[in-house]
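*Asks:* If you look up TrEMBL, you'll see 12-30, 36-53, 65-84, 96-121, 414-434, 446-465, 518-542, 548-572 marked as transmembrane segment. For 752-784, the entry in TrEMBL reads region 'Disordered'. Among the features that TrEMBL reports, compositional bias 'Basic and acidic residues' is placed at 759-784.
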Amino acid sequence: MSAPRPVSRGMVWILVLAWVALMLPILFLASVPTSVTVQALLAIVTCAVLFTLKPFVRASLPMRFVVLAVASVFVLRYWIWRLVDTLPSLDDPLSLAPAILLFAAETFTVGLFFLTALITADPVDHPPPPRLKLSDVPSVDILVPSYNESDELLAVTLAAAKNVTYPEEKKRLVLCDDGGTDQRCAHSDPAIAQASRERRARLQALCEELGVIYTTRARNESAKAGNLNAALQHIDGELVLILDADHVPTRDILTRTVGYFSENPRLFLVQTPHFFTNRDPIERNLALPEVCPSENEMFYSEIHRGLDRLGGAFFCGSAAILRRRALDEVGGIAGETITEDAETALEIHSRGWESMYLEHAMVAGLQPETFASFIQQRGRWATGMIQMLILKNPIFRRGLSLTQRVCYLNSMSFWLFPVVRTIFLASPLLYLFFGLEIFVVTSEEVLAYILPYLLIGFMVQNALFSNVRWPQISEVYEIAQTPYILRAVIGTVMRPRAATFKVTAKDDELDHAFLSPIYLPLVVLTGLLLAGVIAGVIRWIAFPGDRAVVQIVGAWNVYNFLLAAFALRAVFERPWRLVKPRTAVSAPARLAVEDGATAFDVTIIAATANAVQLQLDSELRGADGRDWQNSGWEGKAASLTPILPKTPELEQPLPVVIEDIRTGVDGISLGVTVASEHMVPASRLAATIVYGDSSRWHFFRKVRSQGSTLLAGLAYILGKSLVSIPMSALDFLREPARRRRQLAADLTIPEDAFAQATREQEEPKPPEPEKTRPARSEYLEIED
């Protein structure tokens with residue numbers, strides 16, 4: 001269904017006030033003590049109203065407000081009941097202390113519910129920017145900060161950034177290399193120093209060939225913020241486009257955004273979505289279906305549009321255009337916390353500048369490939385946001401509007417979820433293990449209060465985010481992260497200035513299945529919940545008089561255990577192999593094998609800086625009786641000439657080596673690699689045919705945004721959780737044997753390889769063109 005049409009901010013506040021005015025008398029009536037039967041009837045009516053209105057929420061703004069208002073009344077009613085009727089007596093301090101902790105966690109979630117309801121009440125969409133005369137076009141500096149990314153990855157990003165549609169005299173592209181600083185080139189470790197000097201030389205040559213400005217600095221200080229600020233000292237463009245090293249831009253990223261700055265002289269930021277061409281490791285290791293929306297889609301499709309409506313859209317570190325004058329006003333990119341992006345936006349917002357969010361993806365980036373890298377990234381985000389919450393609390397920040405305070409408070413407070421989730425996971429165990437009754441409730445009250453409260457929460461979430469988040473996926477992701485990020489959150493609360501910036505690895509190899517080296521905390525958590533299930537069974541048998549309580553608390557713990565069992569699959573890293581392009585690319589080309597005697601038409605269906613994937617044209621498949629699978633072409637040199645009438649400068653023969661020939665349902669595909677000396681023309685080709693058109697990412701996001709009904713989503717999670725239990729048990733049993741096989745494979749040198757190495761020592765040969773593994777980011781990952 002279509003999103004609600006944006007309305008004026010004044011109308012939004014009128015509706016909010018009407019919502020509050022309607023809630024007050026209803027809330028008073030709902031808080032009047034009544035029988036459990038009456039409360040149950042009220043719950044049934046509330047659920048029925050929400051069920052009836054739910055299909056209209058995304059298409060009708062008034063219906064969205066009604067649903068949020070009705071749900072808010074019941075949520076507040078539940079909270080009052082919890083406060084008044086469910087806490088244990090003061091005579092039982094051992095139970096009262098954890099009971100208060102649980103109630104505090106629930107109060108936190110209720111508060112986030114209301115913040116989220118306000119933020120998502122009316123997500124905004126923007127019309128296209130005004131067209132500008134050439135004389136009015138502002139100058140733009142494009143900054144690409146880098147630290148340890150590969151040359152191939154940087155080549156594609158820089159080639160695409162160079163290819164951005166904008167007057168050449170008005171744009172300047174700068175690579176900000178923090179991996180080749182003077183400090184690193186003079187490192188006390190000779191290996192690091194040598195690698196840094198070689199990296200600097202290679203990237204300087206790459207930038208010269210691409211027409212890019214190369215910059216570095218003396219010392220690695222203040223991480224990414226310091227790197228960008230060092231570059232800003234030497235450039236003076238009116239606007240600054242910042243791109244992470246793995247964020248490849250489309251040609252229209254400036255033409256779709258720059259016009260907004262002329263329209264609003266107080267605008268300092270236009271943020272766009274971060275789109276990723278690979279699946280995150282939790283998504284991949286849990287084997288979520290391709291139609292399941294990515295974890296980041298809820299934020300970039302709905303939440304950030306809601307923040308924008310309230311004036312709280314913030315800088316996300318990349319894929320954003322900023323006004324240089326606003327940056328200079330706050331001294332450049334902020335660096336007091338390790339989330340320099342959101343901190344910078346907070347500083348500039350507090351000086352009266354405005355921001356906007358344009359929900360059109362115009363970069364394609366990379367997710368971390370391993371669970372450990374993913375946890376490191378999210379731990380850094382959590383640490384930085386908690387730093388901001390403590391050191392730069394938006395509630396007390398001068399210069400922010402009320403709605404901006406709400407927006408920043410919501411974004412920062414979310415990262416306390418490891419603490420809250422830990423309390424929810426541990427609470428039932430306190431009764432099952434130790435007999436502490438921290439939640440005084442009867443079976444009838446469970447039916448009248450707790451189950452409707454949970455159901456209403458599920459229904460509201462599904463109504464607002466059905467196309468961008470399947471039911472219970474958020475809970476699975478949070479459980480997978482909680483035992484790791486909890487320590488970072490607590491440590492930051494205790495010592496907010498002690499955090500350090502760690503670069504997230506995005507190029508880890510995954511050529512075989514393995515158990516993540518950080519598996520233990522999640523295994524321990526799942527094991528504790530399983531022990532709780534066993535303890536519940538024992539209590540059921542040993543204490544017949546407590547069965548009413550055991551069935552309630554036991555059901556809660558079983559729910560936690562099933563989600564944790566599913567989340568545990570995240571530690572079992574799944575291998576992938578390059579099979580077909582993840583995105584729809586189609587460009588004609590001519591492939592000539594070796595001396596050119598054999599040539600035929602092919603279609604380029606994927607391309608990177610060091611690899612191209614081709615598909616044989618349908619009329620040639622089997623037409624000459626050729627056995628393509630056994631053609632003997634693997635390892636042979638060839639020449640690939642793209643046919644691109646709109647960009648004839650790219651129609652140059654590209655030397656390649658045929659590495660792989662496969663026959664499948666789609667016909668015959670050929671994988672070819674590009675030698676490192678031809679990396680730049682290959683990068684330009686990839687930048688044009690793969691990354692040039694933003695409509696490709698728009699289409700892909702729509703394909704991935706396949707909604708799920710509440711019942712279907714819950715059934716899916718239940719089924720996957722049950723299946724995950726025996727799968728994980730078997731994987732753990734097989735792990736020792738797998739490690740022995742892997743160790744043997746790593747230590748064994750094949751006889752033919754040894755003989756080849758011996759011959760090369762005896763008879764030196766000229767070096768062959770370097771063959772590098774195809775990059776992963778444009779391919780669909782198929783798990784073995």
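Glycine too: its Cβ is placed from the backbone N, Cα and C atoms.
Please situate the listed features within the shown structure.
*Replies:* Taking Cβ pairs closer than 8 Å, the transmembrane segment (36-53) reaches residues 30, 63, 66-67, 70-71, 73-74, 77, 442, 444-445, 447-449, 452, 455-456, 459-460, 463 in its own chain, all 6 or more past its ends.
Through the fold, the transmembrane segment (414-434) approaches residues 98, 101-102, 105, 108-109, 112, 381-382, 385-386, 389, 478-479, 481-482, 485-486, 489-490, 525, 528-529, 531-532, 535-536, 539, 549-550, 553-554, 556-557, 560, 564 of its own chain, all at least 6 residues removed from its boundaries and within a Cβ separation under 8 Å.
Using a Cβ-Cβ cut-off under 8 Å and counting only residues 6 or more beyond its ends in the same chain, the transmembrane segment (446-465) has close neighbours at 36-37, 39-40, 43-44, 46-47, 50-51, 54, 57-58, 64, 67-68, 71, 74-75, 78, 81, 113, 117, 120, 298, 302, 471, 474, 552, 708-710, 713-714.
If one looks beyond the transmembrane segment (518-542) by at least 6 residues along the same chain, the residues whose Cβ comes under 8 Å of a Cβ in the stretch are 371-372, 375, 425, 428-429, 432-433, 479-480, 482-484, 550-551, 553-554, 557-558, 560-561, 564-565, 567-568, 570-571.
Beyond the ends of the transmembrane segment (548-572), by six or more residues, the same chain brings 281-282, 285-287, 371, 424-425, 427-429, 431-432, 437, 439, 441-443, 446, 472, 475-477, 479-480, 513, 515-516, 518-519, 522-523, 525-526, 529-530, 532-533, 536-537, 539-540, 717-718, 720-722, 724-725, 727-728, 731 to within a C-beta distance below 8 angstroms of the stretch.
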*Asks:* Given a Cβ distance threshold of under 8 angstroms, which distant residues of the chain, six or more beyond its ends, lie next to the transmembrane segment (96-121)?
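*Replies:* Answer is 12, 15-16, 64-65, 68, 71-72, 75-76, 79, 82-83, 87-90, 302-303, 306-307, 309-310, 312, 406-407, 409-410, 413-414, 416, 419-420, 423-424, 427, 430, 436, 438-439, 457, 460, 464.
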